[in-house]
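So that you can see what the record holds, here are the features copied from TrEMBL:
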type	residues	note
SIGNAL	1-24	signal peptide
DOMAIN	62-118	domain 'Ionotropic glutamate receptor L-glutamate and glycine-binding'
TRANSMEM	176-198	transmembrane segment
TRANSMEM	236-258	transmembrane segment
SITE	LYS300	site 'Interaction with the cone snail toxin Con-ikot-ikot'
SITE	LYS389	site 'Interaction with the cone snail toxin Con-ikot-ikot'
TRANSMEM	423-444	transmembrane segment
Amino acid sequence: MDKGLHFMFCVITTMLLLRESSQTGEKNDQKILAEAKSGFVLYGGPEESLPTLTVTTILEDPYVMVRSAELEGYCIDLLKALATMLRFSYRVKVVGDGQYGAVASSGNWTGMIGEILRREADIAVAPLTVTSAREEVVSFTTPFLQTGIGILLRKDTVSQEMSFFHFLAPFSKETWTGLLFAYVLTCFCLFLVARLSPCEWNEPKNEENHFTFLNSLWFGAGALALQGVTPRPKALSVRVIAAVWWLFTITLLAAYIANFTALLSSGTEQLPIQTFEDLVKQRKLEFGTLDGSSTFYFFKNSKNPIHQMIYEYMDKRRDRVLVKTYQEAVQRVMESNYAFIGESISQDLAAARHCNLIRAPEVIGARGFGIATTQASPWTKKLSIAVLKLRESGDLDYLRNKWWESSCLHKSSDRWSPLQPQALGGLFLTLGIGLALGVIAAVLELSHRSRRAAGHAKKSCCSVFTEEMCTRLRIKENTRQSQETSGRANA
């Protein structure tokens, strides 16, 4: 009994300690966030001689996050590396209004840009896009990350039902066109070579040629279905073309089956929304971006008609489609029929962290994230040089791999696509060479026969060769003339 009471006492004590530890951690997280917003989170060495910079930033995963009672993320690691290289300490504060920086209706700047202009912060280390409007009021260092503007979607909102002709999807339209052309050309070469070769058609005036054009088309179609059909080739030249066509069809069928299997296993077709033009044309999804962000002003200032349509759409529905934070945008994409237009590098992270999200292929407006400083600040050039050194040493790539690593990253990048003609270029080239060899072999067979016939008839080889060619290529006309001549003689 005493042992049972002692055991229950230990269990209850342990649970209370764990609960207290959890509450302490939450309080510490809230405390560190409150301190960051007030500007009292101090980092750096204990040396008082080091200059102290006030750094403004914004909470955004994975750049700056509150975890384990302290700030961490890509930008925090970058800031630590810069402080070590340039020998300064720093105090981090989260931007008060939660904005990146845009011109308000009053003419004043908001967000991190506004805090730098008001001297509330010395530098801004955050996913802050370098734009011409911002460059006019503050200075930027060399970009530490390159990005662009992309479209973030939820997979089930863009998936479409399998079409009636879904079986054509494994090959692109160009590949199907090339295949049709190769089929017709091969059948024509079979028809031509079977007429020219004396080994296939010895006596044009008395013998029927089984390789008519229709029979040649049937022979080629039978090979595509891996079925043996008649007529069977006799001449070496015709067999060369047939063998090359068989090799072509076997390889092509293997590629089709493999790609069709990959298509079925992927469970989806190619995204119907590939570009911003596709986004504008559809009516199923609403789309928007961060309010006051550089992405919004990119579409506002763009002269591209598609970009103007996107801006007009977002401006007219500002209260409904514009979001305040990146986290709100990702949550809205996951929970509703909404497409988010924003920085592609951040969208790649969202697609890696949330396996039901995907980024459309098109990326526009190449840009970079830079560190903002006050104009004429002595730190601008120092920070730019330090960023370049970190890039040359590979430290920036290390930080990118560290904070963008995710279990869903390989799944989001594994996208199926139709087989393009370039992938089968060698196969089409082999077919072309085989057709050329078959035609050359037929001409050689016919010339050999013409040489022998010229010796017996004591005529020139060229004249006999020409007569043979005319006889074989104009057999219907010659037969009609002979029938008319015989009819007149009988009359």
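From the backbone N, Cα and C atoms, a Cβ is placed for every residue, glycine too.
Just so you know, TrEMBL annotations are computer predictions that nobody has curated.
Note on the domain 'Ionotropic glutamate receptor L-glutamate and glycine-binding' (62-118): mean pLDDT across this stretch is 90. Long-range Cβ contacts of the transmembrane segment (176-198) within its own chain (Cβ-Cβ under 8 Å, at least 6 residues beyond either end) map to 168, 204, 209-213, 216-217, 219-221, 224, 233, 235, 237-238, 241-242, 245, 248, 252, 421, 424, 428, 431, 435, 438-439, 441-443, 445-446, 449, 468-469, 472-473, 475. The helix, strand and coil residue counts that DSSP assigns across the domain 'Ionotropic glutamate receptor L-glutamate and glycine-binding' (62-118) are 20 helix, 15 strand, 22 coil. LYS300 (site 'Interaction with the cone snail toxin Con-ikot-ikot') and LYS389 (site 'Interaction with the cone snail toxin Con-ikot-ikot') have their C-alpha atoms 35 Å apart, to the nearest angstrom.
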